[in-house]
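What follows is one structure encoded as structure tokens, with my remarks underneath.
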Amino acid sequence: MSLLCTQISALFSDTVFVLPLLAPAMQRRFAFSSLQMNLITSAGTVAAYINDPLSGTLCDRIGSQHIARIGAALQFIGYYGLSLLFTGILSSQCALVMLLSFLLGTGCSGISMANNVSAAVNAPVFARGFMISMVFTLSSLTSALYALIERLFVRTSDGVLNISAFLFTLAIISASIHSITSFGMYRLPQPAEEVLPMSLGSSRSRKKPKPQAYGATDSEASSTEETAMIMPSINVTTAAESTTPLSVMLRSRILIYLWLAALFSIGPGFTYVNNVSSVARELLLSKHPNASPDELQSVENFHPPLISVISCVSNFGIGLLADQFGRATRMRSLPFFSATAILQLLCQLIAFGATDPHTLIWSSVINGLSTTSANAVTSIVAFELWGKSDYGRNCGLFSIAIATGTQLFGILFGAMVDASKAVSGGCAEGACFSAGFGISIAACIVSIIFSIAALRTRLAQWV
């Protein structure tokens with residue numbers, strides 16, 4: 001029942017793909033610049049990740065149930081506030097819209113972390129990667145689900161979307177679902193097969209040379225291997241039963257490399273998600289200046305749900321592959337970091353050269369395969385490297401990298417688009433977006449370098 005409630009909650013939890021659905025309507029209604037829109041959409045994404053360390057720590061300390069309820073309340077406030085914004089009751093100042101977006105993202109952070117921790121600690125050891133990835137799989141469908149609700153509103157309103165009513169409906173749905181499912185997020189008793197007796201660990205450690213601790217620096221390996229190592233010859237992890245001190249983790253090279261790899265890969269990925277609707281609109285107008293409002297709305301609303309659905313399939317596959325790698329190789333899920341960074345580079349390259357909205361379909365598909373999959377990989381790797389203890393805190397460390405990257409590259413992208421439009425007076429064939437995608441391409445190359453460095457570090461620890 002606990003895992004079922006977790007998965008149902010995940011299906012309605014995400015706001016990362018929902019905010020880009022609203023971005024074009026906000027930009028037209030309130031005349032926001034590209035930089036302002038990037039600040040607004042990035043605020044939600046940043047909040048969804050920057051609060052993860054706090055959300056994860058609170059989940060570890062007071063339980064997932066309470067954090068999920070707090071997240072439900074924050075999502076209700078965020079959606080309802082945006083609804084009042086479109087009715088004219090609230091001011092359309094950029095700072096206020098950023099605050100509402102931030103509240104939505106903070107609610108998403110609490111709910112997502114509650115789901116993540118609940119799935120990680122309650123799933124059986126042989127399917128843990130799959131259950132963690134299922135949380136991301138279902139949450140990536142949130143945008144597609146809400147897009148269907150949006151289309152229902154259009155069909156029942158003579159082709160005109162009442163955005164205020166739509167947002168109020170989302171507020172009711174999200175608050176109700178997460179409040180109800182939170183009652184099922186209790187922690188199950190630990191399975192007996194995951195408990196490694198100390199005598200067994202001691203005898204094995206006397207008979208075999210010990211591998212260096214996951215995440216430990218060279219100088220601290222001797223002091224941490226007794227409590228934080230992973231013994232691949234046994235189908236359990238000693239790290240799951242002991243706490244890796246935060247000071248040890250923050251000094252480890254492998255964490256630093258993975259943190260930077262996530263920043264330079266997932267950050268540009270979410271920047272693409274936040275801007276793809278606007279890019280598609282500009283590309284359509286450059287080809288068909290007299291495009292109808294229906295055509296413009298269709299091309300704007302096409303890409304976020306597409307990325308959402310592809311992310312669903314990708315996350316499902318990542319979970320299965322992670323479990324297979326965990327049984328077949330010592331490297332476990334680490335190679336997936338490099339794979340997702342390479343895919344993100346390909347996405348940005350296609351977007352850089354796109355001159356019509358149809359070309360963007362390919363980059364959106366690849367983005368769906370990369371961005372949220374990389375996010376899922378960080379959660380799986382956090383468990384594989386440092387175990388169950390303080391798992392929420394450890395996931396939160398990677399979330400800071402994602403939030404930093406999203407905000408940094410979102411600001412750079414928006415500023416470059418505004419500057420290009422000011423110089424050229426328009427955006428013929430998407431030329432105003434080229435510089436922004438160029439920065440993202442360079443960032444992805446840096447991410448690949450850091451992910452390979454993490455792999456080399458891990459291999460060196462086993463030599």
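Heads up, the Cβ atoms here are built off N, Cα and C, so glycines get one too.
Keep in mind that TrEMBL annotations are predicted by a computer and have not been checked by a curator.
As written in TrEMBL, here are the features:
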DOMAIN    1-459  domain 'Major facilitator superfamily (MFS) profile'
REGION    199-225  region 'Disordered'
TRANSMEM  30-50  transmembrane segment
TRANSMEM  70-90  transmembrane segment
TRANSMEM  96-117  transmembrane segment
TRANSMEM  129-149  transmembrane segment
TRANSMEM  161-180  transmembrane segment
TRANSMEM  254-273  transmembrane segment
TRANSMEM  334-354  transmembrane segment
TRANSMEM  360-383  transmembrane segment
TRANSMEM  395-417  transmembrane segment
TRANSMEM  437-455  transmembrane segment
Counting a contact as 3 or more Cβ pairs under 8 Å, with residues at least 6 apart in sequence, do the transmembrane segment (30-50) and the transmembrane segment (395-417) touch?
yes
For the transmembrane segment (334-354), which stretch among 161-180, 254-273, 395-417 has the most Cβ pairs under 8 A?
254-273
Near the transmembrane segment (129-149), which residues from the same chain, at least 6 beyond its ends, have a CB less than 8 A from one of its CBs?
3, 6-7, 10-18, 21, 112, 115-116, 119-120, 122-123, 166, 169-170, 173, 301, 304-305, 307-309, 311-313, 315-316, 318-320, 322-323, 326, 333, 368, 372-373, 375-376, 379-380, 383
Ranking 96-117, 254-273, 360-383, 437-455 by Cβ pairs under 8 Å to the transmembrane segment (395-417), which is first?
254-273
I'd like to know the mean pLDDT over the domain 'Major facilitator superfamily (MFS) profile' (1-459).
78
